[in-house]
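Visitor: Annotation comment: Swiss-Prot describes S472, D524 as active site, charge relay system, evidence class sequence analysis. According to Swiss-Prot, the N-linked glycosylation site annotation covers N133. Look at Swiss-Prot and you will find S728, S730, S733, S744, S784, S786, S808, S810, S835, S849, S954 tagged as phosphoserine. Look at Swiss-Prot and you will find T1025 tagged as phosphothreonine. What Swiss-Prot records for 848-897, 1013-1044 is region 'Disordered'. Taken from Swiss-Prot, the feature topological domain 'Cytoplasmic' covers 1-22, 82-101, 158-1044, and the record attributes it to sequence analysis. The annotation topological domain 'Extracellular' is assigned in Swiss-Prot to 44-60, 123-136. The transmembrane segment annotation in Swiss-Prot covers 23-43, 61-81, 102-122, 137-157, and the record cites sequence analysis as its basis.
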Amino acid sequence: MPGIVVFRRRWSVGSDDLVLPAIFLFLLHTTWFVILSVVLFGLVYNPHEACSLNLVDHGRGYLGILLSCMIAEMAIIWLSMRGGILYTEPRDSMQYVLYVRLAILVIEFIYAIVGIVWLTQYYTSCNDLTAKNVTLGMVVCNWVVILSVCITVLCVFDPTGRTFVKLRATKRRQRNLRTYNLRHRLEEGQATSWSRRLKVFLCCTRTKDSQSDAYSEIAYLFAEFFRDLDIVPSDIIAGLVLLRQRQRAKRNAVLDEANNDILAFLSGMPVTRNTKYLDLKNSHEMLRYKEVCYYMLFALAAYGWPMYLMRKPTCGLCQLARSCSCCLCPARPRFAPGVTIEEDNCCGCNAIAIRRHFLDENMTAVDIVYTSCHDAVYETPFYVAVDHDKKKVVISIRGTLSPKDALTDLTGDAERLPVEGHRGTWLGHKGMVLSAEYIKKKLEQEMVLSQAFGRDLGRGTKHYGLIVVGHSLGAGTAAILSFLLRPQYPTLKCFAYSPPGGLLSEDAMEYSKEFVTAVVLGKDLVPRIGLSQLEGFRRQLLDVLQRSTKPKWRIIVGATKCIPKSELPEDQVEVTTLASTRLWTHPSDLTIALSASTPLYPPGRIIHVVHNHPAEQCCCCEQEEPTYFAIWGDNKAFNEVIISPAMLHEHLPYVVMEGLNKVLENYNKGKTALLSAAKVMVSPTEVDLTPELIFQQQPLPTGPPLPTGLALELPATEHRNSSVRSKSQSEMSLEGFSEGRLLSPVAAASAARQDPVELLLLSTQERLAAELQSRRAPLATMESLSDTESLYSFDSRRSSGFRSIRGSPSLHAVLERDEGHLFYIDPAIPEENPSLSSRTELLAADSLSKHSQDTQPLEAALGSGGVTPERPPSATIEEEEAAGGSEGGGVAPRGELALHNGRLGDSPSPQVLEFAEFIDSLFNLDSKSSSFQDLYCMMVPESPTSDYTEGPKSPSQQEILLRAQFEPNLVPKPPRLFAGSAEPSSGISLSPSFPLSSSGELMDLTPTGLSSQECLATDKIRTSTPTGHGASPTKQDDLVISAR
């Protein structure tokens, strides 16, 4: 709430902050009330002892004081727990209760003095030990309470409190000159107060001119940021809790929406179809990522002995002590003759720690050339090393490790980069620009780079490349230093780990992508804070405080695991009403105009290391490890502070190092993320990526049997998850890796005996499932197509992230021509392991049908007649089977294949080759365009003797083809040939294999004005397969692929 006003002055404490102090004092006074009552009324005193009589009189008076304190503290507790954060009317009488409690405190102070007098007179001469001990305890307790209250008053004292009250009273009247004078006085007083706090914070450091300037600049920055803001520190804590709950609620709401492209949230960042994962299967990409991990060791070493001991608290101290000359051998030289060390401590611990860091990592080819431990405002420590293995000269800059570094961080105004000959406005973080200029000046004065490149001419150090690295403050300084050094070193590279968010202007940020690679881990706070980001954060914080109707103590306690209940308002209408009614109560909080800060962004191309959040297990169960992924981040996406307990922990340098390594570990274990139109990874926020793939076998539905060979398709009616689910709640039932119902073993075996293609795919799917389990691949499902959703309808579940298009016509098996039997199969999964190519499996199994090529030409199979007559839409599969059985007994039954001369064929048939290419084309991930006929009207190759060409099209087909000519973006992609297929990506890349609009929305290609039967007839994809040899004009089997 706003600061409480007592004695006509505002204090930096709210009336709802007194709950815990009042409870503590109430319990303390209650305890002493019970003890003193037992001592006074339960013991017998000697009437001849003066000390005992004085104790009884003093104790009775103190009992009354204790009783008064208890009553006043109960009233404070009751009042403090009423109302909301900004709803202060129920607590208006708090100041009067405090007046009463302070009056009682004065009486306590008098009784404490009387107790001291009694102790000086009777403590040595009194023989009653009980009386002496009780009196001594009361006196000590009284003085502890009094001193605590005095210290609290000093802490919550606001020097500008009187001016603030006057300004608020004046603002209620018409604005005049007095209002502006009071506002100016308030801002100056706040700046002076902040400057005083900074000086107290840095009381042990020597003050220089630059440091004094930093004090003034940061003080005015804080005064500007908290101007006219009537909140107390506890309000910020409660606001953070509410803001975190709001962010989580928004993410869940986004996942519940049907009209968005967000598949999941990893580390608070949305994952969409356009999210680019690092393709670690690409050798060039893998080498680049390993280079990023390698140079993180140089950035970590720059922190010297504090970080070395933090990483190795036990053996690290022994390693440093063994190398320190001041501890063991003062006369022993510690470094090579060419090493320069500036302003290290007497033992040289920082330089020794840097050296030990590389030795522990077996990096013996790294030579330290120069080490500067000089630490001041705008002057950051750094070191220069030569890496002979990589043939690089490395400049590593230390991050924030001292209060002086914090002053450099807080000087966040925009400063022009001292670089000439560029286009646009290049601005940077002022503190880091000054630090980069200092390092550049130091390198030139000491000729450090000349020494490094001339370190060992025999090894060719003259031709080594230059690398600049840093973490946190060092990352921002390294990026700006790269701007200053790039004119002399055009091949320079920079690696910035956890850089600050408000670092570079947009023009400079775009240019830095040519040579800067930045790394951000998870929900790290630092890459998301700058002046512009903090201003937006302040507005969000005030907004959640305005909308909150709960008491502050309940909000803060609700953030703990004891009471994990959301304190966000449930009824949005009620919240809006309450907020509008409180608008006039605190207008200064709600109408604050944000300052016009120049937007600054993180530098370079950003590698964002994200991870999922496994469900919390019970205390007796082992917690699962999160799975880490690396994606390419957008510099402008880090514009919002994500509130999380990990936002500070994930900024530590050794935690960043662990996160980078875990990406490689997960990749080596086979934990990749691959999404396509028919293969969708379950959201890592819901399902932990573990090797255990749980297949839930569900019973078949009751009803009439389906036609032979028709794959079972049931409606997928599950709703999209709205919150993070546990692993058991997110287990998927798979049918050949398709989301839907699972065929029973008997039904699967029966279908396999009748259909060789289904037999082939069933064995392939089993092998793929076993290998995916052994490779710890992520759970993957194929989007099922229910009989209540069209071919272009995607279920909007959280596990897939697709949007659902409701109300489309039901899908039935509608045949347009009197052709052969239909094979209804599920498409194979895009190969993630090259050894499991669906094309390879098909070609190997084609030996079963090689006899068709040897004994029966394609012309005989197709027949020499014209186009087969069209079949009425009302025809069923049973009628077709009956017709097929009456047309000559030479036609082999469906699914029955004979062997040629008792052996298998040696090469596949052209029809199976075409079918294999079609299967591969379903999972084409390239960006080529296609016509409608390329995928929806696939025919057999034209033959000079075959009349099986394009037959007359129905009106529905002609209208669709005509529409596809004018709307080329609505058609699927072309089939991808196996030989020219792109390398599989290890990142999530969803191929838009279904029609999309210009806005990314899924569209229905069904022409208007057609019946459902005619529309569904166009959804069939045909390819021809021979049904046997020795048959006269044979019916062509339609192979309908249901992408599920």
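Even glycines carry a Cβ here, placed using N, Cα and C.
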Visitor: Among the recorded positions N133, S472, which residue has its Cβ surrounded by the fewest other Cβ atoms within 10 Å?
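Guide: With the recorded positions N133, S472, fewest surrounding Cβ atoms within 10 Å: N133.
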Visitor: Just to confirm my parser: what is the rounded mean pLDDT across the topological domain 'Cytoplasmic' (1-22)?
Guide: 86
Visitor: Just to confirm: which same-chain residues, 6+ apart in sequence, have a Cβ under 8 Å from the Cβ of D524 (active site, charge relay system)?
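Guide: Same-chain residues close to D524 (active site, charge relay system) (Cβ under 8 Å, separated by 6 or more) are S498, M647, E650, H651.
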Visitor: Same-chain Cβ contacts of the topological domain 'Extracellular' (44-60) under 8 Å, 6 or more residues past its ends?
Guide: 36, 111, 114-115, 118, 122, 125-128, 131-132, 134-135
Visitor: Please report, as numbers and ranges, the same-chain residues at least 6 past the borders of the topological domain 'Extracellular' (123-136) whose CB is under 8 Å from any CB of it.
Guide: 35-36, 39, 43, 45-46, 49, 51-52, 55, 58-59, 115
Visitor: Which residues of the same chain, at least 6 past either end of the topological domain 'Cytoplasmic' (1-22), have a Cβ under 8 Å from a Cβ in it?
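Guide: Contacts with the topological domain 'Cytoplasmic' (1-22): 73-74, 76-77, 79-81, 83-86, 88, 91, 94-95, 98-99, 152, 155-158, 160-162, 164-165, 230-235, 551-553, 586, 589.
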Visitor: Measure from the CA atom of N133 (N-linked glycosylation site) to the CA atom of S472 (active site, charge relay system) and give the result in Å, rounded to a whole number.
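Guide: Between the Cα atoms of S472 (active site, charge relay system) and N133 (N-linked glycosylation site), the distance comes to 56 Å.
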